[in-house]
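Database features (TrEMBL):
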type    : residues                                                                                 : note
BINDING : A:HIS109, A:HIS113, A:TYR130, A:ASP292                                                   : divalent metal cation binding site
BINDING : A:TYR130, A:VAL131, A:SER132, A:GLY133, A:GLY134, A:ASP162, A:GLY177, A:GLU181, A:ASN264 : substrate binding site
DOMAIN  : A:29-298                                                                                 : domain 'Gcp-like'
Amino acid sequence: MVIAIGFEGSANKLGIGIVKDGEILSNCRRTYITPPGEGFLPRETAEHHQQNIHEVLKEALDQSGIKPQDIDVVCYTKGPGMGAPLAVCAIVARTCALLWNKPILGVNHCIGHIEMGRLITKANNPTVLYVSGGNTQIIAYSRQRYRIFGETIDIAVGNCLDRFARVLKLSNAPSPGYNIEQMAKKGKKYLHLPYCVKGMDVSLSGILSYMEDRIEELLKDYTPEDLCYSLQETVFAMLVEITERAMAHCASDEVLIVGGVGCNERLQEMMGVMCQERNAKIFATDERFCIDNGVMIAHAGALAYAAGTRMEFKDATITQRYRTDDVLVTWRDD
Amino acid sequence: MESQLQKKLILTIPFNNNQQVLLVSEVLKVDKEFKGSGIQRILSAEQNNLIVSFEGADYKKLRSSINAFLKNIILIVKTIQSFSIV
């Protein structure tokens with residue numbers, strides 16, 4: 001029975017959560033939201049995390065009813081993500097580990113999403129679509145690795161959507177993707193956009209540039225709602241295609257969508273149509289867990305710790321690049 | 001020529017006791033100073049003091065290193081103050 005605390009801060013969400021044997025005891029989060037038309041940069045994001053981390057930590061401990069003495073392992077996001085924000089969480093996690101005399105464990109952010117998705121949805125062995133502002137990967141488990149079957153060859157789908165939201169100067173609260181989704185629901189006229197699937201992979205930067213370059217012209221014939229609708233339909237169809245391709249290769253009948261973009265109901269709907277055609281089941285979580293959070297780090301860390309994974313204190317670093325398939329999945333033997 | 005000369009700044013940061021100094025330096029030692037910065041950072045402990053020396057040729061990089069370092073010190077100190085097990 002492992003009690004773990006997890007610190008997450010790889011992007012603009014700061015999350016701290018506590019889990020006990022798969023039971024979520026607390027999940028606290030603060031989001032750094034920039035003005036419309038602006039994205040978040042490393043320095044200011046790190047400052048946001050610095051200013052809020054102690055308050056969030058106290059909240060997480062208080063809500064869980066757990067005392068530091070009871071914690072078995074202190075987990076933090078080792079990567080991938082933005083350097084300065086990651087470092088804030090790592091430093092506080094290290095300090096806590098020493099203050100409380102507990103082992104420390106760095107966790108891969110992507111694996112955090114996957115394991116949280118499996119815990120919440122109870123999906124057995126799904127093909128995973130991991131889509132967020134920073135990542136777009138199709139992942140399938142095989143022999144103690146989460147193997148990347150397909151991915152974006154340039155930017156993440158969430159990045160594409162967020163940057164388009166900036167072009168339209170949509171609000172970034174609660175997130176730019178959410179506001180694009182609401183706009184898209186009111187879209188009526190479909191604009192044919194470049195469709196960019198490359199085998200198992202997708203390319204998104206071209207679609208974004210296409211829209212950015214022509215935005216003045218486009219807004220003469222299409223409303224912002226029409227453009228949001230067209231963009232979503234296009235990029236989500238691409239994601240459904242590469243998911244289906246991976247499922248066919250793996251003979252899989254389950255799809256699990258994780259990551260912030262996984263909250264999008266239109267994406268879930270389109271994936272659901274494909275799944276129904278293949279007699280497959282679709283799994284997704286709600287915004288508490290698809291958006292970056294601390295408890296997913298705690299849970300993935302707890303699984304690794306319980307299976308015997310350990311980290312020396314001197315290795316408790318952060319890294320901006322950390323491949324999902326670099327992690328040995330010691331806690332699964334299927 | 002003058003821009004190649006090494007400037008050195010030594011900070012002495014006092015703590016309540018030697019254990020705190022060792023804790024702070026253990027947390028900080030995990031991260032090496034950014035390779036491309038040309039700044040060398042050396043940490044040492046003397047009783048209740050943390051001694052940090054920064055050495056480098058570029059003023060701007062020196063200032064950023066020291067700035068970032070002090071922000072981390074603030075982070076660690078706040079954590080010690082709020083979350084030590086009494």
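For all residues, glycine too, the Cβ spot is worked out from N, Cα and C.
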Cβ neighbour count within 10 Å of A:ASN264 (substrate binding site): 25
8 Å Cβ shell about A:HIS109, A:HIS113, A:TYR130, A:ASP292 centroid, divalent metal cation site members excluded: A:CYS110, A:GLY112, A:ILE114, A:SER132, A:ASN135, A:VAL258, A:GLY259, A:MET296
DSSP three-state assignment for A:SER132 (substrate binding site): coil
Between A:SER132 (substrate binding site) and A:HIS113 (divalent metal cation binding site), the C-alpha gap once rounded to whole angstrom: 10
Packing count at A:HIS113 (divalent metal cation binding site) (other Cβ atoms within 10 Å of its Cβ): 33
Euclidean distance between Cα atoms of A:GLY134 (substrate binding site) and A:HIS109 (divalent metal cation binding site), Å: 11
DSSP-derived class (H/G/I helix, E/B strand, else coil) of A:HIS109 (divalent metal cation binding site): helix
Candidate with the highest Cβ count within 10 Å, taken from the binding-site residues A:GLY134, A:GLY177: A:GLY177
Distance [Cα-Cα, Å, rounded] between A:ASP292 (divalent metal cation binding site) and A:GLY134 (substrate binding site): 11
Inter-residue C-alpha distance, A:HIS113 (divalent metal cation binding site) and A:ASN264 (substrate binding site) (nearest angstrom): 16
Alpha-carbon distance [A:TYR130 (divalent metal cation binding site); A:ASN264 (substrate binding site)] in Å: 13
DSSP-derived class (H/G/I helix, E/B strand, else coil) of A:GLY177 (substrate binding site): helix
Model confidence over the domain 'Gcp-like' (A:29-298) (mean pLDDT, whole number): 97
Substrate binding residues A:TYR130, A:VAL131, A:SER132, A:GLY133, A:GLY134, A:ASP162, A:GLY177, A:GLU181, A:ASN264: largest Cα-Cα distance, in Å and rounded to whole number: 18
